[in-house]
Amino acid sequence: MALSMPLNGLKEEDKEPIIELFVKAGSDGESIGNCPFSQRLFMILWLKGVVFSVTTVDLKRKPADLQNLAPGTHPPFITFNNEVKTDVNKIEEFLEEVLCPPKYLKLSPKHPESNTAGMDIFAKFSAYIKNSRPEANEALERGLLKTLQKLDEYLNSPLPDEIDENSMEDIKFSTRKFLDGNEMTLADCNLLPKLHIVKVVAKKYRNFDIPKGMTGIWRYLTNAYSRDEFTNTCPSDKEVEIAYSDVAKRLTK
């Protein structure tokens, strides 16, 4: 009978995987660049509590060794025990499946609605920011506001586990910190990087602020900005503005 001997006293399943994350570099070629998909994977790995390394990739001069590693691939991608994985959605599924309890946190939301909350915002924002026709601006801004309002309503609506059926108190507003509760989930890793871009870019190029009356969104963003998993994986506001300097169209008659 063949026995699989543990290496260095560790069983195979107890060994830490070797993970390297490759993300888009900023304008200086070294710092974290503007890429919500890069930040999404960065946040997932950080929240999982797994040991991993991060390499920023300067797209202007992609190193030869990187082209050999993942030819024709733009970041983000990962290597997991030297195996290259390039599809962001599949990487998310893979990490959730492989880095699982009890050793690692489960990050899937409990409530399916959390996965789709805010999903239309980025498309409406893109149409708004790329438009150059003044006569179309108001309607596009209304479209963006409508999707933000929908997210705000979701964040302010109590989740089932916030409502105590035995309590006499009628809870009308949620006080949760994130989409699915008081802890970040995969849904937040997807939405927060995009929502931050909307906030920064719309202010810079359209002087548009997310209305202060949208208390759910502002509570959500404030809680995100207090977490290292978000702020330390986030590009600087300047990087976000630079990334959109050619994308954001001036309103010209």
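Cβ atoms are placed via backbone N, Cα and C, with glycine included.
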For Swiss-Prot, the entry motif 'G-site' belongs, out of 35-38, 67-70, 123-126, 223-226, to 35-38
When each of the modified residues S132, S236 is scored by other CB atoms within 10 A, the minimum falls on S132
Between the modified residues K24, K130, Y244, the one whose Cβ has the fewest other Cβ atoms within 10 Å is K130
Integer Å value for the Cα distance linking S236 (phosphoserine) with S132 (phosphoserine) is 26
